Amino acid sequence: MTSTTMVTTLDLVTPTSEEQPGPAPESSDFSTVVLSPDGSELVTQSAPNTPIQHREQANAEFGQKEGSPDPKNMVAATGNASKPSLNSFYADGLGQLRNGLFSCFQPVFGYFGTKTTVEIEKSEDELWEIPFDAISELEWLGSGSQGAVFRGQLENRTVAVKKVNQLKETEIKHLRHLRHQNIIEFLGVCSKSPCYCIVMEYCSKGQLCTVLKSRNTITRELFAQWVKEIADGMHYLHQNKVIHRDLKSPNILISAEDSIKICDFGTSHMQKKMDSTMMSFCGTVSWMAPEMIKKQPCNEKVDVYSFGVVLWEMLTRETPYANIAQMAIIFGVGTNILSLPMPEEAPKGLVLLIKQCLSQKGRNRPSFSHIRQHWEIFKPELFEMTEEEWQLAWDSYREFAKCIQYPSTVTRDHGGPKSAFAMEEEIQRKRHEQLNHIKDIRNMYEMKLKRTNKMYDKLQGCFTELKLKESELAEWEKDLTEREQWHNQNSPKAVAAPRAQLRGYPNEGYDDMSSDEDVQPCRGSPYRCSNTSSSSGVQSSPFSRQSSSRSSAGQQTRRSEGANPPKILRNDAIRHSGSYWETLGGARGSPARDSGFSQDSGMWSAGAGSCTAINGGGQQVCYSQTLYRNGDGRWSDGRIASRRRVSTSVNKSTAVPGQPVFFTRDSPSRVPHGVISCSSPRSSSKLNRSSYPSRNAPHQLEDGCCCAHARAPRAKSIAVPMTSSSRARSPTPYDNDFENAESFVDPESPKNLKNLEKIVNLPESTSYDEALCNSDVTMNPIYTSPITTYSNPCHVELVDEENANDVDLTSSMDSRRSRSDDADVESSEEDEGNGNNILNTSMESEDLRYRIDTSQSTMMSSLERSLEIGATRSDGLSDNEMRVQAVKMSIKTHRRTGSNPQALIHQCIDEYTTSATDDSDDAGAVRI
């Protein structure tokens with residue numbers, strides 16, 4: 001029967017022979033059988049595949065461009081028939097230009113009011129996501145393998161809500177663009193936990209299977225319409241490359257207008273290739289194609305097989321393969337031993353279409369485009385019957401399906417009806433799904449209730465805070481009003497007085513000055529650098545505390561406390577600009593900071609000898625005198641004898657036998673103030689470093705000479721032997737007679753040359769007591785008088801100064817050096833050349849000029865006294881390193897006040913602390 005039907009439906013087409021001219025027969029679009037080239041056998045061709053979408057669109061566009069030809073006016077094709085048309089060529093070129101080049105200007109369209117593609121997609125995404133809260137009046141309709149279905153209201157529209165179990169089941173964005181009258185419309189999805197659901201169009205009449213079983217009568221027109229609409233909907237899906245894979249009567253809905261709506265695309269597949277692909281095992285086995293059951297490569301023809309099962313179901317109104325176990329269906333359909341029997345009285349065209357769709361091989365199944373064409377051919381056969389005959393025949397088809405007998409080995413419950421246990425399980429499953437959905441809805445509303453309560457608490461707190469602020473604002477306004485009223489009542493009315501007019505002043509901007517003490521005199525002004533307070537036309541002299549306006553020769557009292565003292569900064573350029581004291585620098589001990597000749601500073605009044613030079617304007621220029629730590633009354637009353645070394649032959653030639661030499665802190669060798677020049681080369685030994693005090697490096701003074709405008713190197717220390725003619729008392733500036741001043745000025749005087757010949761090396765002393773024992777008996781062991789000398793810095797001649805008081809000059813400058821530095825000196829080759837003179841330091845110079853200042857302090861604090869004891873009794877080798885380091889840091893960090901000045905060496909000192917294990921004073925380095 002099957003073979004006969006297949007032969008009758010095929011058209012036999014033979015190739016036209018040249019010897020037998022005649023009209024060529026029309027070829028069919030369906031499966032054909034043609035003769036082989038030799039004519040010996042027939043070749044069967046299967047039905048062509050479903051035309052893909054782009055080919056159909058191309059054919060439609062080509063037909064629109066060229067126009068449909070009239071069969072009556074067709075002519076034979078000429079030789080140029082294969083040549084493409086120029087119109088289509090240019091049209092295709094313009095289309096490519098429009099889609100290629102002009103597509104670059106699409107983002108610019110947004111500036112002119114045209115929506116871009118991104119904006120459109122964004123708005124679609126926002127509309128696609130529907131919050132579950134927006135759906136109201138949910139009503140349970142039923143449940144299936146993928147979830148329960150509810151009916152609800154969304155924006156005054158009845159919608160169907162299908163609740164799914166997983167989030168990935170809501171990913172159907174590839175289906176939202178589907179718009180067809182026979183395809184269910186998807187409105188959006190809910191992808192927020194806990195309710196994942198799909199919102200779609202609602203069909204009031206329900207599923208097709210339900211309608212078929214519930215309605216006793218269905219007209220033949222309605223039956224033919226439903227078949228055509230199902231084919232049209234599936235054809236639209238295949239055109240959009242969508243394979244349903246689960247087409248069955250429960251997934252076909254009936255709308256209120258009795259229109260077919262294909263739904264449930266949960267198992268749909270987006271076809272990306274023309275070739276057959278391996279698909280997963282999904283769908284219901286009763287409607288499943290054999291190739292899908294056997295997991296063979298398949299294509300869109302699997303939906304054609306399912307469509308054939310749906311046609312059989314519509315014809316018989318019975319469930320296919322009823323009461324057969326699923327595994328039996330899978331095995332029977334897969335091995336082609338189980339099939340759906342056809343009623344004998346059914347229309348032949350409908351039966352033929354069903355059998356073609358149920359073919360085992362997918363290539364033998366027609367496409368939906370061919371199905372639509374064939375249905376139009378078979379429909380007249382259906383309308384040959386009357387309505388009554390149709391109803392009787394339709395009922396008979398149902399009875400035929402009920403009487404189908406299957407082997408008892410494959411039926412459930414051995415062919416009997418469903419057992420009560422199976423029915424109870426199905427009811428429990430449905431009830432369980434309903435309860436799960438109710439539970440999810442309850443959880444969702446509980447979460448919403450919590451959010452609502454939280455928002456209410458926040459609003460309540462905001463209202464409370466707002467009321468509190470309102471009360472505070474009202475109280476503040478009330479207080480402000482009361483204060484304004486009180487102010488207006490009690491405040492006196494002020495009347496502005498006219499500005500006082502000063503007469504007799506050429507410039508009204510000048511202020512009246514009562515005395516010279518109320519003025520801030522600038523540096524170099526006549527108020528600071530002259531004997532009188534009147535201004536003069538001569539060049540102003542540099543200001544110092546020894547000048548005529550501040551010393552005993554000038555004003556005798558200091559400025560009152562109310563007057564602001566002039567600020568002296570550390571910057572040398574600001575502190576010493578425009579003065580003769582460029583050689584003195586801005587260090588502590590400069591004339592602007594440490595003069596001792598003011599009446600209340602603890603120093604003696606300066607005599608006429610302190611002003612030995614006369615400037616070009618006729619004014620006396622007074623020079624500063626440095627205040628040393630060894631001054632009378634200072635915090636270091638004694639002198640610390642430095643360690644001695646055995647003099648070498650170089651120094652022995654100049655030393656006086658039997659006369660020990662010492663360096664005291666008030667020695668002129670320590671702080672020479674004269675303008676000097678040193679040509680000694682810098683040593684290349686390891687002692688050539690910036691540690692204080694340096695023994696080999698000829699340090700450069702920071703102070704430049706104002707006359708020569710050059711930097712002078714610092715003078716080196718010179719050891720002077722003590723003589724028996726040294727005085728035991730502390731001299732005063734009045735001891736300086738004119739003769740001594742005269743000898744000071746004359747560098748070639750015999751007396752100065754005699755004193756210079758007494759320069760010898762300091763013998764090594766291991767302690768302070770030994771140094772005192774080696775000194776002269778007539779010498780004061782506690783105090784050595786400072787020697788006051790004077791020199792004009794403008795005098796560029798090299799002058800050897802004389803000890804005006806006939807006192808031997810000693811120094812303990814290097815007494816604080818450690819033995820580690822002494823060991824370094826012994827290993828130095830340069831020290832061997834200098835005779836291992838420990839005092840052959842950077843203060844040695846043959847062009848040395850002395851300027852020594854005397855000072856006496858009037859205040860000594862307890863802290864200074866304790867530091868003095870620690871400094872005098874320490875030789876740098878103390879075992880307690882922490883205590884020594886503490887003493888050093890105390891000395892370095894101690895601040896001196898104006899009443900307790902401190903003289904410093906005229907150089908810029910940058911002190912920093914190294915590790916605590918340093919015994920030497922190199923921890924406080926001196927950088928010049």
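Just so you know, glycine gets a Cβ as well, placed from its N, Cα and C.
Keep in mind it's a predicted model, so treat the numbers as computed, not measured.
Taken from Swiss-Prot as is:
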type     : residues                                                                       : note
COMPBIAS : 42-52                                                                          : compositional bias 'Polar residues'
COMPBIAS : 53-69                                                                          : compositional bias 'Basic and acidic residues'
DOMAIN   : 135-377                                                                        : domain 'Protein kinase'
BINDING  : Leu141, Gly142, Ser143, Gly144, Ser145, Gln146, Gly147, Ala148, Val149, Lys162 : ATP binding site
REGION   : 459-480                                                                        : region 'Leucine-zipper'
COMPBIAS : 509-519                                                                        : compositional bias 'Acidic residues'
COMPBIAS : 530-557                                                                        : compositional bias 'Low complexity'
REGION   : 605-814                                                                        : region 'Important for interaction between isoform a and isoform c'
COMPBIAS : 647-656                                                                        : compositional bias 'Polar residues'
COMPBIAS : 677-695                                                                        : compositional bias 'Low complexity'
COMPBIAS : 823-833                                                                        : compositional bias 'Acidic residues'
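Recorded features from Swiss-Prot, shown on the structure.
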residue : record           : CB count, 10 Å
Leu141  : ATP binding site : 15
Ser143  : ATP binding site : 20
Gly147  : ATP binding site : 21
Val149  : ATP binding site : 22
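With DSSP states grouped into helix (H, G, I), strand (E, B) and coil, the region 'Leucine-zipper' (459-480) comes out at 22 helix, 0 strand, 0 coil.
Averaged across the region 'Important for interaction between isoform a and isoform c' (605-814), pLDDT in this predicted model comes to 46.
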